[in-house]
Structures are given as structure tokens and as C-alpha cells.
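Below is one structure, written out as C-alpha cells; the observations come after it.
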Amino acid sequence: MERDRRRALQVWIALNRAQHAIDAPLRAQVEAHGLTMKQFAVLEVLLHKGPLPVGEVGERVLLTSGSMTYVLDQLEDDGLLIRRADPNDGRVQQVALTDTGRALVEQVFPEHARLVQSLTDDLSTPEKETLFRLLHRLRDSAA
């Protein structure tokens, strides 16, 4: 039991260190384009999914409604997205990329994807698949 507890703590420490090591270069790459990671996450979701209700964007990027409002305000002030009434339900607010926002995220995302790939190049494809499966299992058991 004690050995299992020690190993669990070692896994937690390794996860934190890996996340920090991966996050630093990704954050620097995104910030070089004048974006925060949260702003980039919102723009990336809208690039790949199209206009979405505010709440759905928040769920996809793991932001609370208060944080979402702040991030959306920033992106709207910068002319990168617009908010509008949902055409199917006027009570729901949708967000969509502006042409400027689309151009920016279309520039940043490929760089980001290449960097993510380079950060995982030391893992074989089967190792990446195993890691993916294990991380999802860990997430699901913690939820």
C-alpha cells in the first residue's frame, strides 16, 4: 500500500513536470502573436468548429462563464471575434471569428501544431497512443 501511494505521488509529480515543460514553449509561441493561451484556445475552437454558443465554447476550452466573458471581451475589443444572437434561438449568444481573427488563428495554429508535434517526437506512435489512452483513463477516473 505504501509503495503504491509513493508511486501515485511520483506519477503526479511527473505529470506536473511534463505539463510545465510542454506548456512553456507552447505559451511562448502563442504569446509571440499577442495572444494568451485562453484566447488562442477560443480562437482555435472557432476555427475548427465554426460559430458556437458562448457556453459551448466555454465547455470546450474549460473556462467558467466569468472567465469566458473576460476572454471574449478581450478578443472582441481586438477585433478578432464578434458576438451575435443565435439564428435558431435569439436568447442564446453565439461567437464567431472575424476575418482578422480567422487570419490570425490560421497563421498561429499550424505553427502551434508543428511545435506540439516536435515536443512529442521522442515518443513512438504506439507510445503516444498508450499515453493518450492512459491520460483519458486518468481524467475519467478523476471526474
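Placed from the backbone N, Cα and C atoms, the Cβ positions cover glycine too.
Curation does not apply to TrEMBL; its annotations are automatic.
Database features (TrEMBL):
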type	residues	note
DOMAIN	8-140	domain 'HTH marR-type'
DOMAIN	97-143	domain 'HPt'
MOD_RES	HIS136	phosphohistidine
Worksheet, complete the sentence: Across the domain 'HTH marR-type' (8-140) the predicted model averages a pLDDT of 96
Item to complete: Can you see whether DSSP assigns HIS136 (phosphohistidine) to helix, strand or coil?
Response: helix
